[in-house]
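Copied over from TrEMBL:
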ACT_SITE  Glu122  active site, proton donor/acceptor
BINDING   Glu56, His74, Glu122  Zn(2+) binding site
DOMAIN    2-126  domain 'VOC'
Amino acid sequence: MRLLHTMLRVANLEKSIAFYTDVLGMKLLRTSENKEYQYTLAFLGYGNESENTVLELTYNWGTDSYDHGTAFGHLAIEVESVYSACDKIATSGAKIVRQPGPVKGGSTEIAFVEDPDGYKIELITAKSAGKGLEG
Ligand SMILES: C[C@@H](O)C(=O)SC[C@H](NC(=O)CC[C@H](N)C(=O)O)C(=O)NCC(=O)O
Ligand code: NI
């Protein structure tokens, strides 16, 4: 078994695709429409689906907002440097909700940004990824 994708429902598919490709460097891998059930899917990631876990964005036609509740945490993406990634993200106008720096109580370098729907994306510096909180 392997983890195939994480699905997020989004309010504006074009805006979300632009964010994940232009700002976070993903590739748009494929899209599909379900006319009968009135939704469109977009799959994005850093490599093909046969070898990478990817993101599935779901747009329900005519649905332009969701109640996200309090349960969803974040997606995490490994970057070369959270500092340079946040510099680039800041110039794109995307929202950085936690400035880059060591995680509280540890040394793993993290930052948090929000996607167009307000889903949180954690950025983790590669060299520190997987070192755990105490790393
Ligand atoms: C392709 C695969 O990864 C899917 O996730 S498609 C599954 C399908 N998705 C939807 O219906 C999305 C729209 C829906 N209104 C929603 O917001 O979740 C699905 O869940 N089908 C249900 C089924 O029983 O087939
Ligand atoms: Ni799915």
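Here the Cβ of each residue, glycine as well, is placed from N, Cα and C on the backbone.
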Distance [Cα-Cα, Å, rounded] between the residue listed as 'active site, proton donor/acceptor' and His74 (Zn(2+) binding site): 6
Where His74 (Zn(2+) binding site) sits in the secondary structure, as DSSP reduces it to three classes: coil
DSSP three-state assignment for Glu122 (active site, proton donor/acceptor): strand
Close-lying recorded positions around ligand 2 among Glu56, His74, Glu122, where CB distance stays under 6 Å: Glu56
Cβ-Cβ distance under 8 Å to His74 (Zn(2+) binding site), same chain, at least six residues away: Phe112, Tyr119, Lys120, Ile121, Glu122
